[in-house]
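*Asks:* The structure that follows is given in the form of structure tokens.
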């Protein structure tokens with residue numbers, strides 16, 4: 001790795017291949033220097049060369065004096081074990097040394113038979129490859145060069161450094177440190193007018209807002225008029241001379257009208273807010289779903305969760321409510337100051353300097369509060385991400401006794417976030433104290449004006465009116481400033497969500513009449529000088545890949561970890577857009593297609609089977625396009641029908657998160673069944689059988705041969721027997737195609753890279769057994 005132990009690992013090891021993850025975990029365990037080691041299938045995702053090296057140098061070498069409990073499906077390693085435990089239905093069905101339980105037959109014999117049957121595909125070509133290949137392989141193992149043949153490493157770039165192709169999209173910061181996760185963008189200064197405009201007009205434009213504003217103004221005018229009506233119609237010196245009927249009728253009309261107007265406002269505010277929040281949510285959701293893979297490589301899930309949780313909550317429940325209150329407090333403030341100035345006009349002299357002071361307090365407060373709110377949102381994301389990461393890896397944390405370290409980091413993240421909350425509340429208290437002082441000062445001055453000024457300068461009828469308004473001024477001032485600052489702070493959520501609604505998107509998802517409805521009908525794949533990089537600033541991981549796969553052919557792709565095998569699949573599915581060259585499927589350049597047509601018509605079984613929480617039927621047929629009979633037929637082909645029929649819910653059997661209530665082999669077969677239902681003309685397998693036993697591997701290979709006879713099948717595999725019956729084998733190294741021919745033709749060349757790989761696999765199996 002270019003940066004050694006300072007290389008940054010992305011969330012859930014997203015920038016590591018399966019083999020790299022297993023090797024890092026193995027190294028972490030060995031570094032603990034314990035007496036007992038539990039290794040759960042740590043050799044499944046690596047090639048024969050690397051697997052042999054790990055078993056010889058690590059398990060049989062470094063751990064030679066330790067107790068090692070190795071869970072594995074790779075039978076070739078079992079002959080070196082002191083004790084073998086065969087599990088079936090949650091119980092130990094057989095126990096003993098290799099030779100002992102092999103002669104007893106039953107389950108273990110079936111596993112070995114499946115492995116031997118796979119090895120026959122390799123050994124059947126011995127006559128064509130010659131004794132030289134056989135002798136060469138034995139020499140390699142006997143001299144310990146399985147783990148480090150210089151010529152082989154040079155030709156195949158088999159060193160661990162080559163696996164860094166997956167890590168090559170990191171950025172250099174400082175000296176010898178890599179940076180993959182980008183620093184979260186933070187706006188500075190006041191919230192832009194554009195953010196306000198977007199929020200206010202997103203739902204219905206300006207028309208509804210104008211109606212809302214007019215209704216609020218009319219309501220405030222009616223309230224002021226009703227108060228002045230009381231003051232004018234009940235003079236202190238003629239209390240018995242007024243018309244009570246007229247007084248009550250006019251007062252009632254003013255108040256009924258104000259109630260009607262306020263009902264319009266009460267109705268419009270949540271309607272606008274609800275529609276706006278829905279639009280923000282669905283636009284952000286669509287943007288995230290349509291985001292390229294590079295976005296998820298560099299963006300922790302905590303940032304996404306923070307926007308969908310706290311930021312979206314602010315828009316859903318708070319912002320429209322605070323906006324409505326702010327509009328009301330502004331007009332209420334005007335409705336208080338104007339009557340005070342009319343009834344006690346000398347206070348105008350006081351209002352002007354107080355207004356300046358009031359504004360200065362507001363500006364000073366909002367500058368601090370707004371930035372604190374932004375920091376609060378930013379510091380919340382690491383806390384969420386770290387917590388979810390801790391839950392996901394709790395078993396590993398406990399096994400390595402790292403609870404205290406993770407708890408301390410969690411406390412640090414929470415402390416950083418709570419600091420912002422504490423500072424925000426402190427700023428609110430600071431502002432509230434000063435606004436209360438201003439309100440009390442205005443009330444006192446207003447009362448003093450009525451006392452010291454001559455009665456001929458002030459209308460005595462308005463004394464009570466002015467004092468009542470002055471009494472509410474301090475409350476109005478506080479709410480005015482506080483609500484404005486609160487709205488400004490909550491608008492930060494609009495800024496943050498806007499960032500995620502404007503991220504770069506994948507290519508067009510839908511283009512009408514793009515390809516024929518029966519495409520692909522042949523399954524021919526042509527790659528011309530294909531180049532690929534994960535991001536514009538990163539090195540190429542595919543460097544001019546050229547090949548042609550005929551329709552209906554079965555092609556195996558082999559190569560070292562990091563040679564570009566999976567990157568090729570990413571390019572074909574356009575999860576990463578090519579940086580150059582072409583990929584043509586049945587005479588159509590895939591870059592001219594809509595993504596939906598491309599991806600929906602290709603089948604793929606990934607290395608890590610993906611199941612979603614729900615029912616079994618939902619996972620097999622997510623779009624409800626097939627009948628129960630078709631689903632049962634597929635389950636029967638996958639040899640899962642008996643298991644499903646034994647469950648009381650049958651097709652409605654629940655599937656937990658990530659399919660945890662199903663074994664790895666069953667999950668892989670279910671994913672295969674999902675592909676069978678699609679009846680895709682082209683099928684890709686990305687090391688789909690790397691983590692399953694030989695019997696499950698055999699089931700899948702038989703299904704491929706039977707169900708995809710006339711289809712194009714492209715299989716990435718570490719297990720050499722998996723590709724031995726392919727029509728062609730494509731050997732990749734360092735992002736380039738090194739060899740592409742039939743297995744027999746490549747084996748006939750004793751100096752071919754494929755011959756070396758096959759030879760390693762045979763030598764390992766023969767030696768270990």
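Residue positions begin at 1 at the first shown residue.
Each residue, glycine too, has its Cβ placed from N, Cα and C.
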*Asks:* In TrEMBL, which of 419-437, 438-456, 495-513 is labelled transmembrane segment?
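*Replies:* In TrEMBL, the transmembrane segment feature sits at 438-456.
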*Asks:* From the ranges 204-230, 285-311, 528-554, grab the one TrEMBL calls transmembrane segment.
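*Replies:* From TrEMBL, the annotated transmembrane segment range turns out to be 204-230.
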*Asks:* If you check TrEMBL, which stretch out of 317-338, 383-404, 559-580, 581-602 is marked transmembrane segment?
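*Replies:* In TrEMBL, the transmembrane segment feature sits at 317-338.
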*Asks:* For which of the residue intervals 125-149, 150-174, 175-199, 250-274 does TrEMBL record transmembrane segment?
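*Replies:* Feature transmembrane segment in TrEMBL: residues 250-274.
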*Asks:* To what whole number does the mean pLDDT across the domain 'ABC transporter' (527-759) round?
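*Replies:* Overall, the domain 'ABC transporter' (527-759) comes to a mean pLDDT of 85.
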